[in-house]
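Notes for the one structure printed next.
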Amino acid sequence: MQTDHRKTRIKGLFSKYRVLLIFGLCLFILGYFWQASKGSWLKRKISILCDTQRNKIDPFHGLLGIKVSRNKTNVLHGLPEIALPRMVYSKPHIFKPPRTDVLTMTPWLAPIIWDGTFNLEILNEQFRQRNTTIGLTVFAIKKYVVFLQRFLATAETYFMVGHRVKYYIFTDRPEAIPNMNVKEGREIVPLRVQNYPRWQEISMRRMEMLSYYSQQRFIHEVDFLVCVDADMQFSNEVGVEILSEVFGTIHPGFYAAERQAFTYERRSTSEAYIPLDEGDFYYCGCFFGGTVAEVHKLTKKCHEAIMADKSKSLEAIWHEESHLNKYFVYHKPTKILSPEYLWDNGLGSPQFLKKKRFLTVPKNHAAIRNKRNSNLK
Ligand code: UD2
């Protein structure tokens with residue numbers, strides 16, 4: 001009887017303080033989780049990058065009680081300001097694109113450089129303020145030294161006018177480099193390299209040498225590399241409008257061709273193989289470039305592919321040009337130079353070509369490539 005009475009009292013008390021009990025329980029659970037987690041979020045460190053002088057900064061000035069780890073370098077501190085001076089030029093107009101006759105942008109939003117699509121004055125100012133130095137690489141091995149005089153003379157007139165330039169001349173005959181005066185801020189740098197018996201090997205080995213020198217030397221001396229053939233001449237301005245992370249040039253023989261007509265390597269056994277349903281443009285092997293780091297990556301990859309083919313006794317149809325084309329299928333260039341930047345006068349003067357900036361110099365292939373003592377002219 002007494003037990004029944006006690007049970008009824010407990011039940012009564014429980015129903016009276018039920019809400020309080022549940023509330024207390026909730027508080028206990030919340031408190032438990034808060035205790036468990038506060039250690040981790042309060043003590044969380046924010047890693048920030050510190051500047052090259054290793055300045056220590058706490059972006060929140062201790063307001064949140066967050067400890068800042070101070071062992072990294074802040075690249076955001078003390079960046080140079082690139083600000084244009086007052087410049088007067090006609091404004092860009094949304095409904096008046098400067099060129100409607102040619103493609104000026106790829107599907108991956110890389111600009112294709114044509115006359116009329118850029119303002120060189122603005123670009124010059126931007127690159128000058130960054131004190132950009134450009135390395136122009138050219139190989140003149142064996143008899144190709146005969147092209148150097150015209151190449152360098154025209155480069156002095158048209159290439160990167162007003163900017164700092166280093167002409168890196170890879171040759172097996174440094175004594176044959178013409179003794180020329182170059183403008184202030186420009187310099188001829190002879191680089192002695194070995195030659196090879198076959199012209200195809202010389203052409204392909206350029207990838208190996210460029211990759212090696214990029215890592216060993218160019219990275220310390222220049223910002224961008226422009227890599228071209230020797231049997232060429234500049235015939236109009238080629239300036240900083242071409243510079244970008246990594247750029248290629250549309251081959252003048254294939255600008256209007258369909259994919260299937262591109263002379264890509266089609267043997268699936270080669271590292272340069274490109275299937276018939278892939279590829280954007282046919283790029284020429286004689287004009288590409290970019291930042292030293294990107295050119296290093298590109299040339300290293302192409303050289304490794306060339307060597308892999310060699311181990312299978314294969315040589316791609318257009319040598320290093322085939323490997324360059326393969327590279328650009330899977331590493332899209334960030335800028336593309338139109339055929340203005342590589343033209344052959346044998347192809348005439350189509351309407352869309354407002355300027356011919358870089359031209360092939362006609363040569364007697366058999367004479368220049370192989371027979372050491374034949375007459376070159
Ligand atoms: C095309 C490409 C070239 C390359 C080659 C591969 C054009 C304008 N050029 O040129 O970039 O892809 O095909 O087959 O489309 N060289 C020497 N000494 C030699 C041989 C070559 O220095 O004995 C250098 C020189 O810089 C020359 C370059 O290698 O310009 C390419 O050789 P090429 O010009 O004889 O090859 P070509 O005209 O077939």
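Note: Cβ is positioned from N, Cα and C throughout, glycine not excepted.
A quick note: this is a predicted structure, and the numbers were derived from the prediction, not measured.
Feature list (source: TrEMBL):
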BINDING   F139, A140, I141, Y144, D229, A230, D231  UDP-N-acetyl-alpha-D-galactosamine binding site
BINDING   D229, D231  Mn(2+) binding site
ACT_SITE  E321  active site, nucleophile
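Distribution of TrEMBL features across the structure.
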residue: F139; record: UDP-N-acetyl-alpha-D-galactosamine binding site; DSSP class: strand
residue: Y144; record: UDP-N-acetyl-alpha-D-galactosamine binding site; DSSP class: helix
residue: D229; record: UDP-N-acetyl-alpha-D-galactosamine binding site; DSSP class: coil
residue: E321; record: active site, nucleophile; DSSP class: helix
Self-check item: Proximal but sequence-remote residues of the same chain as the residue listed as 'active site, nucleophile' (Cβ under 8 Å, at least 6 apart)
Solution: Y283, C284, G285, C286
Practice problem: Identify all same-chain residues not among F139, A140, I141, Y144, D229, A230, D231 whose C-beta atom falls within 8 angstroms of the centroid of the UDP-N-acetyl-alpha-D-galactosamine site's C-beta atoms; report them in sequence order. | Solution: V138, V145, F147, L148
Quiz item: Which value in Å gives the longest Cα to Cα span across the UDP-N-acetyl-alpha-D-galactosamine site residues F139, A140, I141, Y144, D229, A230, D231 as recorded?
Solution: 11
